[in-house]
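Undergrad: I'd like to ask you about the structure that follows.
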Amino acid sequence: MESQQLSNYSPISHGSACASVTSKEVHTNQDPLDVSASKTEECEKASTKANSQQTTTPASSAVPENPHHASPQPASVPPPQNGPYPQQCMMTQNQANPSGWSFYGHPSMIPYTPYQMSPMYFPPGPQSQFPQYPSSVGTPLSTPSPESGNTFTDSSSADSDMTSTKKYVRPPPMLTSPNDFPNWVKTYIKFLQNSNLGGIIPTVNGKPVRQITDDELTFLYNTFQIFAPSQFLPTWVKDILSVDYTDIMKILSKSIEKMQSDTQEANDIVTLANLQYNGSTPADAFETKVTNIIDRLNNNGIHINNKVACQLIMRGLSGEYKFLRYTRHRHLNMTVAELFLDIHAIYEEQQGSRNSKPNYRRNLSDEKNDSRSYTNTTKPKVIARNPQKTNNSKSKTARAHNVSTSNNSPSTDNDSISKSTTEPIQLNNKHDLHLGQELTESTVNHTNHSDDELPGHLLLDSGASRTLIRSAHHIHSASSNPDINVVDAQKRNIPINAIGDLQFHFQDNTKTSIKVLHTPNIAYDLLSLNELAAVDITACFTKNVLERSDGTVLAPIVQYGDFYWVSKRYLLPSNISVPTINNVHTSESTRKYPYPFIHRMLAHANAQTIRYSLKNNTITYFNESDVDWSSAIDYQCPDCLIGKSTKHRHIKGSRLKYQNSYEPFQYLHTDIFGPVHNLPKSAPSYFISFTDETTKFRWVYPLHDRREDSILDVFTTILAFIKNQFQASVLVIQMDRGSEYTNRTLHKFLEKNGITPCYTTTADSRAHGVAERLNRTLLDDCRTQLQCSGLPNHLWFSAIEFSTIVRNSLASPKSKKSASQHAGLAGLDISTLLPFGQPVIVNDHNPNSKIHPRGIPGYALHPSRNSYGYIIYLPSLKKTVDTTNYVILQGKESRLDQFNYDALTFDEDLNRLTASYHSFIASNEIQESNDLNIESDHDFQSDIELHPEQPRNVLSKAVSPTDSTPPSTHTEDSKPISEINLRAPREVDPNISESNILPSKKRSSTPQISNIESTGSGGMHKLNVPLLAPMSQSNTHESSHASKSKDFRHSDSYSNNETNHTNVPISSTGGTNNKTVPQISDQETEKRIIHRSPSIDASPPENNSSHNIVPIKTPTTVSEQNTEESIIADLPLPDPPPEPPTELSDSFKELPPINSRQTNSSLGGIGDSNAYTTINSKKRSLEDNETEIKVSRDTWNTKNMRSLEPPRSKKRIHLIAAVKAVKSIKPIRTTLRYDEAITYNKDIKEKEKYIEAYHKEVNQLLKMKTWDTDRYYDRKEIDPKRVINSMFIFNKKRDGTHKARFVARGDIQHPDTYDTGMQSNTVHHYALMTSLSLALDNNYYITQLDISSAYLYADIKEELYIRPPPHLGMNDKLIRLKKSHYGLKQSGANWYETIKSYLIKQCGMEEVRGWSCVFKNSQVTICLFVDDMILFSKDLNANKKIITTLKKQYDTKIINLGESDNEIQYDILGLEIKYQRGKYMKLGMENSLTEKIPKLNVPLNPKGRKLSAPGQPGLYIDQDELEIDEDEYKEKVHEMQKLIGLASYVGYKFRFDLLYYINTLAQHILFPSRQVLDMTYELIQFMWDTRDKQLIWHKNKPTEPDNKLVAISDASYGNQPYYKSQIGNIYLLNGKVIGGKSTKASLTCTSTTEAEIHAISESVPLLNNLSHLVQELNKKPITKGLLTDSKSTISIIISNNEEKFRNRFFGTKAMRLRDEVSGNHLHVCYIETKKNIADVMTKPLPIKTFKLLTNKWIH
């Protein structure tokens, strides 16, 4: 007989009590709360547990042997330890007892055992009142039998057992605490029962079974006093004893009453916590049971509020009541009464359903989740829930059942259930099947119900294309083994067992059938909304019902969890029996390997692959049968779901049923395309499209940008158009999540107009397929139309609009109508339509004169939107017009003939189509009307106008680049077209050139011209002009160079023919003209064809000059000529090679195409002096970009798994057009934060050094009185804009010292807190280099100083506050600054003014005008860089005097005094300098580069072959648009900033040979393509290989009386994008290179001479400033020189003929340069190109040339 253990119960342990409650059997004639009977054995167990030093064995048990008691604990179980009582007071026969005392007259009944002695036991004294047993009772008491019907035996029954075996009675433990009294009473009652005094114990009603005798009362009183000391009694016990100290019976009665009450409360709490309800019992009974429990607990002082009660009730709901958990859990103020109203409603609905449909009545036992037993007459299912107990509860398997054949009788009763035979299954966990559930309709599902599944319901799925069900109970007309392939969301195949019909019987008594697939391998029964829609049933989630299109409600929808469900009670059952699919778990499966274990072991492969591998023995050691495959089908690996997650498959047509309710023009789709690059500013770069969901009518609008106001204007326009034209209001607009749609301006506009924006979901671009497919279609049409017509790309939107007009009139295969017909508009009249690009002649209604031709050739674009005319493009006027005054040009020489349009376009058919339209025009034409020929103000193309050109007789006609393709010629049958002299009425767009105006046959970049033909007004005539054919651009660099070399070697093609000349047909716009072009010499050809401008000077070409450096012979004196020779004499120029290469004129330098796919911004440089080509036009030919309209994005790189979804890429384009030089390079962060240096620094030694530096910095700040230490301010009291954040930064210097600096966050300083006019000045690098050079030549001493905490010497005027250092622990306080703290905007300027004033007033220095931070007096020169000072003087004592003066005011530290005559090493502003006074100076950065470059994470090759040059000629930077996701783009830009930042720092310090490469790559920082990164890596690799190189200076000859300052300049003409030229300058002082500059010219030069002039003019200002500095620092005379390798430039500078400048648009710059040269006494000298060391600044050079030009000054 099971019983609860009362000794373990306490009021504060309800949770454990609830968890350990088991079912009990109680005799019907016994009170279950009767402590005197049913709890006696538990009291004994509690007493046993209380004895911490005592074990109980069968031989020494204190309980008399009785077969009705619980079985003793096995010997293997260890004895109880550490009970609640610390001692046992055992009375034994060996103790000396007082006379007359006996334990009920039988002291021998307690045998002595050694382990029963307690060290705390003491024998009672004689004065102790021991219990006396009455003389009338002389036999021991025995335990009553449960069969007696009474819990306790009376005296007579005790007498009958006097002869029983002697047993000792264990006394109760000693009471040691008032809190232990309830447990002690239980053991005390047990003691009385074992002493045969159970009859005197009060029962439930408080009265004993028999009267207590006086002797028993004495015994009771004495034992209570002995084992319950008064100091440990509870208060209520003491109160009873204070009234009557002998009333022990009242204490026992009260204790039993309390125990009964506590037990009842515990049982109620346990019952309430384990409520179970599934509708199997009436709802009224369930409500009565729950309310009684709650009322009883409230009456006993345990208050259960509504929230807790509702949670407990809902937790126990199952079956169809389970969904109340999710529908009610959000109601915060729900009451128990409201919850039971819902339960009653569901119960009544169930009963009504069962009564109305007896054939589909679910067995009541299906949902008995609270049933714990199952009776099966044939073969019961035994499930071991506890090793010591068995339970006949029935479970369900996790993934498998043996489904028995169901007869599906109209009524299902318990008899039919008991007859079903099933195999034993094992219960895996408590969440499997509902306990007590039978194998009826609901259990044929061969998978578990998921935790979020609503049993007995179908899941509504809008993404599923087919309905799938796990049960065969509802499949009608099933056919097995269907050939159907079904995949799930992870694209895994789902095996299908059968296909059939699913029949519904809805509320309106209508029946509907859909197709259904049977499979046990799914987690839910899925009902496809697509299949329901096919039978005119839709789901309305607003009303949560299934309904027909006419609004008839069929069934309710239940929202359970995150899904929507429909009850299965609307399904009609069938009589089909499907065979078992999955095997039932047997005991054998426990010996197999679980599939999840194998799945994880084999790298998370799928089950199909693993099984196939095991079958084919590719995996050894175990076989397929060794794996438990029962859970393989439905097993969902959480790691696989995360690691292999894919985008949801967008189901085509899944949205249509939700949009059918919209009327025309109420639901729009929109998307934006763009930008299209390389277009004139007047042409649109974007377009926005709109598509109506219902009619599929389309609109397109041009856009020049994607600004908010531009988008808003378009939305305003189309909404007004739809409202006025179609009397409709737009309700919803679907769009993507681009910033142009998600901005606040548009959102407010839509909200104001009551329009709902519908955005696409993340990573589901296919949901926006309507708009994106339209854009793709229009772009395909655009490319095709432009290719077909040959029109320039800036007319791309006209092609888009033409396509939109046509496609709105084409019928859809689905709707059988066109979009225009759906919209109620008229169809397209094809008689008014012309092919896109059709050549036409437009009437000129306003000619220049009456004899001027009245026809202008043009190309038809599309019908006008604003008139009945046509939009026609006029190339000659560079604009479009809206007119009806045109005639179709039917000549065979039109552009449309290039693709053999003889077979595609027929003039007769075109005439027949347009005959009616033109007859209509002719009949209504007004002769003098000009209205129809006026430009349309609404057509954007009318704003496109181009450069006006001079009237020309020659229009180059492009031909095929291959020699095998003969040029097209016109036969005699060709109809002549009169020549038209055109005018340009207004200024034109500068971005459009001729090649982008007229149609071209092939979109070749630089076509090779083999012959030129043209029609003239007087017939055919050939001209013998030695044209230089431009080379076709090859796909590879090698072929390109080969082509150039080959064409150049054929010099005979460039020779002139003085006596014979042929007639070359020249292309014209119309007519023929027999004109003989006169003979043209080579020089004239060069002027006309190549330069198209006369040369300013007649100087000989450079390739005919001598290889020696020859100054220009001018009418100067001999001394001046000697000066020019002396300028060149000491320069570090290379020695000339024995056989110099032949150079050609600068005129032959190639002009690269502007839109080439390979930009001429390269490390190879197309502007190389060794690369030559020619052009055949006065204006440069601009190449059409073949991929301007290209919008397809590359496939996402599958290796890039940094994101779980394909990244949203952005197109990156070159931004180098606006970049002139390296600017704002982001520096490399070499400092550490506080957490990096101290908090999380694992290097203990380094951490200690940083802590030491930290305290040193704080002490220095306090010493300098940086802030006011007298008061700390509360943050709330200070204006927030005057509060500056602060932080600590840590750094390790190259000398190994660790430094800490407490700085203010000046980067976020408010502008009102400092004077923006103040500047922080530092010494210019050119000033430092000049000072160092003069020091070497004059044997100066160089002293290096450092002023500690320099900024803190400057006071601060403004009222500013910062946060205290962290160690002070005052986070909410502020301190006021008194000094110019580090990091503040004004600190640098304040320090500069402070130290400047001190040097001038106290040290007697003066600042050099124009060169801040350079101070001098008669003996000393000082260069100041913040807190670093460099002193130069002839006398070291002069330096020491300055140092002494500085130390009076500042903490000055001498870094290097420089007094040694040996080599001295300095580290001055990053430069590592080796200086031996009077001999040499070497400047480098080897140590710094050795430390910094490896930290850049550049793939260096330290042991490989070293690079000999930073780049090679012929390497082009690809200009393809770069598509890259945002994170990777930022990462690469940051990497480029670090690499170019370091390279720029080194290059401008001393590595001037790298400046061209640095400048070129710096222009591509925002375009970090793979090619750009590789070139950058190559530059860094070269810096690493040559990190030991130094800038070498030697002392100037002492015989030189003057200082010589020289600037060598060079320019590379047109080798940068957009024909910009690269210019470079190198500055030398007394033969020592002190600086260099390489940059892109700010202006576009038109010739090599102009580029050279630009380069020289850029060098003159700095040359003059340096001259002033040198003269200030050294009083010697100075000679200034300019060296260039362009004789034509020198000729211009020294020329006195001003007439040559009047016709040159660069004449102003040339005149200014001439004036500067003359006014500043500059000597302009010529230097050969092979000796021009500035050549390294303008272009990449071959290795040999690069070494030759640099090895004299840097090595």
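Just so you know, glycine gets a Cβ as well, placed from its N, Cα and C.
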Undergrad: Figure out which of Asp1585, Asp1588, Asp1602, Asp1685 sits with Asp1610, Glu1652 in the Mg(2+) 3 site per Swiss-Prot.
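TA: Looking at Asp1585, Asp1588, Asp1602, Asp1685, the one Swiss-Prot places in the Mg(2+) 3 site next to Asp1610, Glu1652 is Asp1685.
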Undergrad: Same Mg(2+) 2 site as Asp1427, Asp1428 according to Swiss-Prot: which of Asp1346, Asp1355, Asp1518?
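TA: Given Asp1427, Asp1428 bind Mg(2+) 2 in Swiss-Prot, the matching entry from Asp1346, Asp1355, Asp1518 is Asp1346.
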Undergrad: Near the Cβ of Asp1610 (Mg(2+) 3 binding site), how many other Cβ atoms are there if near means within 10 Å?
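TA: The Cβ of Asp1610 (Mg(2+) 3 binding site) has 29 Cβ neighbours within 10 Å.
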Undergrad: Where does Glu1652 (Mg(2+) 3 binding site) sit by DSSP, helix, strand or coil?
TA: helix
Undergrad: Does DSSP give Asp1610 (Mg(2+) 3 binding site) helix, strand or coil?
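TA: The three-state answer is strand.
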Undergrad: Would you mind splitting the region 'Integrase-type zinc finger-like' (583-640) into helix, strand and coil residue counts from DSSP?
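TA: Split into helix, strand and coil, the region 'Integrase-type zinc finger-like' (583-640) gives 27 helix, 4 strand, 27 coil.
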Undergrad: Could you pull the average pLDDT for the region 'RNA-binding' (299-401)?
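TA: Averaged over the region 'RNA-binding' (299-401), per-residue pLDDT gives 57.
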Undergrad: Per DSSP, what is the helix/strand/coil residue tally across the domain 'Reverse transcriptase Ty1/copia-type' (1338-1476)?
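TA: Result for the domain 'Reverse transcriptase Ty1/copia-type' (1338-1476), in helix, strand, coil order: 34 helix, 49 strand, 56 coil.
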Undergrad: Whose Cβ lies within 8 Å of the mean position of the Cβ atoms of Asp1610, Glu1652, Asp1685, the Mg(2+) 3 site, other than those residues?
TA: Ser1609, Ala1611, Ala1655, Thr1684, Ser1686, Thr1689, Thr1729, Asn1732, Ala1734, Asp1735
Undergrad: Long-range neighbours only, meaning 6 or more apart in sequence with Cβ under 8 Å: which ones does Glu1652 (Mg(2+) 3 binding site) have?
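TA: Result: Ser1609, Asp1610, Ala1611, Thr1684, Ser1686, Ser1688, Thr1689.
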